[in-house]
Amino acid sequence: MSLTELDDGLVRSMSIGAVFSDFGGKIHSVGFHRTDDILVTSSEDDSLRLFDIAHAKQVKITHHKKHGTDRVCFTHHPSSLICSSRYNLESGESLRYLSMYDNRILRYFKGHKDRVVSLCMSPINDSFMSGSLDRSVRLWDLRVNACQGLLHLRGRPAVAFDQQGLVFAIAMEGGVVKLFDSRCYDKGPFDTFLVGGDTAEVNDIKFSNDGKSMLLTTTNNNIYVLDAYRGEKKCGFSLEPSQGTSMEATFTPDGKYVLSGSGDGTLHAWNIENPSEVARWENNIGVVSCLKWAPRRAMFVAASTVLTFWIPNDGETPAPADPPPDQQPPSQ
């Protein structure tokens, strides 16, 4: 279903439309392509999988036993990805530029000494950012092996570009958010916000499509919606704790709603214009580790060890999972 003007009723009607349950462990990361109806997942079974979200089917799977798969995002090309490693981090090969078309590594990006926990692609050019448990953020260019910029930080960093690619944000422990001009980041942040009262590390940060809001999730299961210009807290939500699972929250494309999982296995949706909970769902797949709303459709995906597609309820029975493709490329 194409994205239309969302309202409380449509959000409340969302229900599971397709289920994919053949993953061999927890799903670490999911990402939509900005302009194509494609979804990528990375999971504990060292696989990367592409899904056609318009037809709710898996179209490609590759395995990566040498380095594993962790954070993943699309480049501008619908069959090219940036993926972080889970294994052999001591070699420095913490990031790979991959072609899903022919299961080929196009480039390694060396520099991080620990696991990458945040990854995002610029919406306007070939640059991308990575944040690592080695307490650094690195800026890269797809065309060059060497790191293009390095920022040393305190604690676990989370990174995000705004939708115009002109600004990027780095969030870290203590509720600190620093904003940088992506064209002259070496001059330091042009603004710094402090989310008062929460000293936990940050799991994730996102900008709304209109650039007016930022969404911050912390390791103690709090969600904050911030004014992206002034850093003021618009609203906040607390969730049930989840042992060993980091929460992810997502904006709807219009920036009016926020969705998140919770440690008790429920999913929640809030209207942030008039802060209130508009929906709560029992998802039946356990605690959700990944959650994202599609950029161009009235749908979102939620994942644990199972991937679910959520669409407005039309009264039909949810579709079963597609079987995995018969042909699987060799492992890397």
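Including glycine, each Cβ sits where the backbone N, Cα and C put it.
What TrEMBL records for 320-332 is compositional bias 'Pro residues'.
Sequence annotations record features per position, and here TrEMBL assigns region 'Disordered' to 313-332.
According to TrEMBL, the feature repeat 'WD' maps to 20-61 (among others). In terms of DSSP secondary structure, the repeat 'WD' (20-61) contains 0 helix, 24 strand, 18 coil.
Sorting each residue of the repeat 'WD' (109-143) by its DSSP state yields 0 helix, 19 strand, 16 coil. The repeat 'WD' annotation in TrEMBL covers 109-143 (among others).
Predicted-model confidence for the repeat 'WD' (239-280) is 91, expressed as mean pLDDT. Taken from TrEMBL, the feature repeat 'WD' applies to 239-280 (among others).
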Inset, instruction - Summarise the repeat 'WD' (239-280) by DSSP state, stating how many residues are helix, strand and coil. - result: 0 helix, 19 strand, 23 coil
